[in-house]
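Undergrad: What follows is a structure written as structure tokens; I'll ask about it next.
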Amino acid sequence: MAYVLVLNSGSSSVKFQLVDPESSATDTPLVSGLVEQVGEPQGAVTVKTGGEEFKEELEIPTHSFGLDRAFSIMHEHGVGPTDVEVIAVGHRVVHGGRLFSEPQLIVDQIESMIEDLIPLAPLHNPANLDGIRVARKLLPEIPHVAVFDTAFFNHMPPAAALYAINNDVASQYDIRRYGFHGTSHEFVSQQVPKLLDRDPGHVHQITLHLGNGASAAAIRNGRPIDTSMGLTPLAGLAMGTRSGDIDPGIIFHLSREAGMSIDEIDNLLNKRSGVKGIAGVNDFRVLRERINNEDQDAWLAYNIYIHQLRRFIGAYMIALGRVDAITFTAGVGENDTEVRQDSLYNLDMYGIDFDKEANLVRSKEPRMISTADSQVKVFVVPTNEELAIAQKSAGIAAMAREAGLY
């Protein structure tokens, strides 16, 4: 059996999975794991395989050291990159800018182009690039593929993609709506026509990726026409720690009146806002407990979250003209029954006949939570970004081999 090693490299961590690209979305990967606290005195490498977990706590000075140690632990249990057939290494890259609309076989030139995009994603692309460079050195004989979070949204209509600011400034500094969570939105949106038993080219849908980060997308006939995140993942819905859309004048006000620096405002809006900024927590399970205990801040945070979500659902229903399906995915979207119910409350006049009993069913399988005769079908579809990356990477790797590059 052939596998793809999927890597998601952060500034102080590396998540990894060995995935069969032919598997289904609910199948367990052969290996999953995490290298954490890179550069800190107390790091750890965790490897899960065959229903068992193996964890080693140690200092991890670099990404290279941590990933090499992870491969060694995998090898000790017969599932290392040299023990099984690995046909590709797929790398999640957050920002592809205008340069990348499709996955790319990684060569030195592609590395340089990803580096050129660092100003658009200063927190994410450097870490993604570190992971690419480390993995290419450790596994030089295997094709490496970059899969970009922004790629799915790269051809949105100009009216949705561009901001109403000076053209010259926007062009000079690459300012536009790029969108994020693209791999997830694309993956989920491809499952919906199968559930509807419809041609993908004739489905209008809204996808809602609701995790700690959250985004919405309007997709017409397989192509996105709008999305909630923008130049950065800060825009759009209220999220776990991010503000989502705000009046840009708030930034000037905080600078002038509070004397806050750009970095301080950046930290406030990205890490100390959203649900956490209002309620003090961003775990929706804890938030629900506090709401049940009549915590007013928790109730306010939840209401703002739902209000923003309903605003985008309504806007995208208008943008699409006809909506065949609304789909919830990611941690909150897949597991929080009340978020799903409250976000679609009292929308029967718009063709949404919500099934409260179906909504309460717990399952890892895709499922419908509207009634059978609802004009707009509502689904819960578990996302699997790693599988999507594996599938895209396997395809690019196959073409590279056919071209004699490997």
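The backbone N, Cα and C atoms fix where each Cβ goes, glycine too.
According to Swiss-Prot:
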- Asn8, Glu385: Mg(2+) binding site (BINDING)
- Lys15, His209, Leu210, Gly211, Asn212, Gly213, Asp283, Phe284, Arg285, Gly331, Val332, Gly333, Glu334, Asn335: ATP binding site (BINDING)
- Arg92: substrate binding site (BINDING)
- Asp149: active site, proton donor/acceptor (ACT_SITE)
- His181: site 'Transition state stabilizer' (SITE)
- Arg242: site 'Transition state stabilizer' (SITE)
Undergrad: When you tally the Cβ atoms that lie within 10 Å of each candidate's Cβ, which of the recorded positions (Lys15, Arg92, His181, Arg285) has the highest tally?
TA: His181
Undergrad: If you count Cβ atoms within 10 Å of each one, which of the recorded positions Asp149, Asp283, Glu334, Glu385 comes out on top?
TA: Asp149
Undergrad: Using Cα coordinates, what distance in whole Å links Glu385 (Mg(2+) binding site) and Asp283 (ATP binding site)?
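TA: Computed Cα spacing between Glu385 (Mg(2+) binding site) and Asp283 (ATP binding site) is 21 Å.
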Undergrad: Using only the residues recorded as binding ATP (Lys15, His209, Leu210, Gly211, Asn212, Gly213, Asp283, Phe284, Arg285, Gly331, Val332, Gly333, Glu334, Asn335), report the maximum Cα-Cα distance in Å, whole number please.
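TA: The ATP-binding residues span at most 24 Å between Cα atoms.
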Undergrad: Can you tell me the CA-to-CA distance separating Leu210 (ATP binding site) and His181 (site 'Transition state stabilizer'), as a whole number of Å?
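TA: Here the two Cα atoms are 10 Å apart.
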Undergrad: Taking Cα-Cα distance, which of the recorded positions Asn8, Asp149, Arg242 are within 10 Å of Arg92 (substrate binding site)?
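TA: Within 10 Å of Arg92 (substrate binding site): Asn8, Asp149.
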Undergrad: C-alpha of Glu334 (ATP binding site) to C-alpha of Arg242 (site 'Transition state stabilizer'): distance in Å?
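TA: Between the Cα atoms of Glu334 (ATP binding site) and Arg242 (site 'Transition state stabilizer'), the distance comes to 20 Å.
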